[in-house]
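J.: Mind looking over this structure? Questions follow.
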Amino acid sequence: MAAKIPGVIALFDVDGTLTAPRKEATPELLDFIRELRKVVTIGVVGGSDLSKISEQLGKTVTNDYDYCFSENGLVAHKDGKSIGIQSLKLHLGDDKLKELINFTLHYIADLDIPIKRGTFIEFRNGMLNVSPIGRNCSQEERDEFERYDKVQNIRPKMVAELRERFAHLNLTFSIGGQISFDVFPKGWDKTYCLQYLEDFSEIHFFGDKTYEGGNDYEIYESPKTIGHSVTSPDDTVAKCKALFMS
């Protein structure tokens, strides 16, 4: 077998890049990733926590990729072993966190949208995930909200309000997926994981939300990466084949 290309890593977003949003990766995609790993070092970076990424990419995800970064790299694994962890609670403190959560819940309570379900705020290790409709809606309701949001700008308006109200906390608000947005301290976006990849001369990042405000934007635009904007898992495979396997 040919040796891996030295000094090069292919780093992937999850939703919309390796999988359809919140869906499991297809067997074909997983087979391709195994083949690609023989050619280059591979890593995955997702905004979700490790349990959600495992649901999508498999329970052995921390071993299937050379690097696995959940919560934008605030929880980091290399070769299946933990190499770093950062906490929002320690960073902000409970008082500021409570102020932010209370305001957000009041805002959602006053929001007039067609349907609401449950789990409007999910507290993760390194971020808050906020969903105006509630995370435990059905897939059909997700699709419906995404269409509604594109017309009514529910998430962008909410983000603008929170950004202004909590400017003193120096937070980033990042819209991702179909129904939610993430809230985390500035610099805790996906570029956070790059500190673990300084030995690589080429970091190829693949993501779908690479526009300003999207949760792949900062890492896609970073001078430390070579950014590739993709539209689907099939597009990711095609771009990787052209880059690394042709």
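Using N, Cα and C of the backbone, Cβ positions are placed for all residues, glycine too.
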J.: Please state which member of ASP189, ASP199, ASP208 Swiss-Prot lists alongside ASP13, ASP15 for binding Mg(2+) 1.
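T.: The record-listed residue among the candidates is ASP208.
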J.: Considering only the binding-site residues ASP15, ARG22, ARG135, ARG142, ASP182, which residue has the minimal Cα-Cα separation from TYR220 (Mg(2+) 2 binding site)?
T.: ASP15
J.: Three-state secondary structure of ASP182 (alpha-D-mannose 1-phosphate binding site) from DSSP?
T.: strand
J.: For THR225 (Mg(2+) 2 binding site), which of the listed recorded positions (ASP13, ARG124, ARG135, SER180, ASP182, ASP208) have their CA atom within 10 A of its CA?
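T.: Within 10 Å of THR225 (Mg(2+) 2 binding site): none of them.
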J.: Measuring Cα to Cα, how far is ASP13 (active site, nucleophile) from ASP208 (Mg(2+) 1 binding site) in Å?
T.: 8
J.: Give me the sequence-ordered set of same-chain residues, not including ASP13, ASP15, ASP208, with a C-beta within 8 angstroms of the centroid of the Mg(2+) 1 site's C-beta atoms.
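T.: Checked against the 8 Å cutoff, the neighbours are VAL14, GLY16, THR17, LEU18, PRO21, GLY176, GLY207, LYS209, ASN215, ASP216, VAL230.
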